[in-house]
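Colleague: Sharing the features that TrEMBL gives for it:
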BINDING   Cys79, Cys84, His161, His166  Zn(2+) binding site
Amino acid sequence: MSFLFGGRANKTFKPKKNIPEGSHQYELLKHAEATLGSGNLRMAVMLPEGEDLNEWVAVNTVDFFNQINMLYGTITDFCTEESCPVMSAGPKYEYHWADGTNIKKPIKCSAPKYIDYLMTWVQDQLDDETLFPSKIGVPFKRNFMSVAKTILKRLFRVYAHIYHQHFDSVMQLQEEAHLNTSFKHFIFFVQEFNLIDRKELVPLQELIEKLTTKDR
């Protein structure tokens, strides 16, 4: 679940989000890591028996944020205002940023700026105890799942940008196995619980089919 990236292991784009040790969510995370170790990703993403779906989605969302944070941290030197003046996933897909509060009308910006906005926004959601309660017995808000879906939809865009614009750099750094494993885990998870609309996944459709057909 937590992948190490050679000598750049400590370089994350944003501070890592930790799940408090000893908490139930920490136990869930340990369970997920143990299941992932078995190598069967389809099994690893399934809701453990007797567990709460919201809590399972919350723990995994935090983990995906940390993974993408590390992955993007390895290629920030290559993702610049000059190399990526727009946030895109290939020539057909361009993303404009809006968060509904600070920036209501979508703005066109460079990929590093967009990803900075995106990761800061995700971090703010994860740090909000009313949305992502870390204490046992604190209920999840009614809108939790829709917020989690928006987070995952936006995190997908970082994967899409890395694959389309920076895969050469990923290969130079010999991180493609990490990237592929992380993305495959992410896709299996969102497919298992229908968390991202299919049309949002189109920029990486071919790759998704390639990664998932082997495991049907």
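Positions of Cβ are set from backbone N, Cα and C atoms, glycine also.
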Colleague: His161 (Zn(2+) binding site) has how many other Cβ neighbours within 10 Å of its own Cβ?
Modeller: 25
Colleague: Determine which residues of this chain, when Cys79, Cys84, His161, His166 are set aside, have a Cβ within 8 Å of the centroid of the Zn(2+) site's Cβ atoms, and list them as they appear in the sequence.
Modeller: Ile75, Phe78, Ser83, Ala111, Pro112, Ile115, Ile162, Gln165
Colleague: With every protein chain in view, what's the tally of Cβ atoms within 10 Å of the Cβ of Cys79 (Zn(2+) binding site), excluding that atom itself?
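Modeller: Other Cβ atoms found within 10 Å: 21.
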Colleague: Among all chains shown, work out which of the binding-site residues Cys84, His166 has the most CB atoms within 10 A of its CB.
Modeller: His166
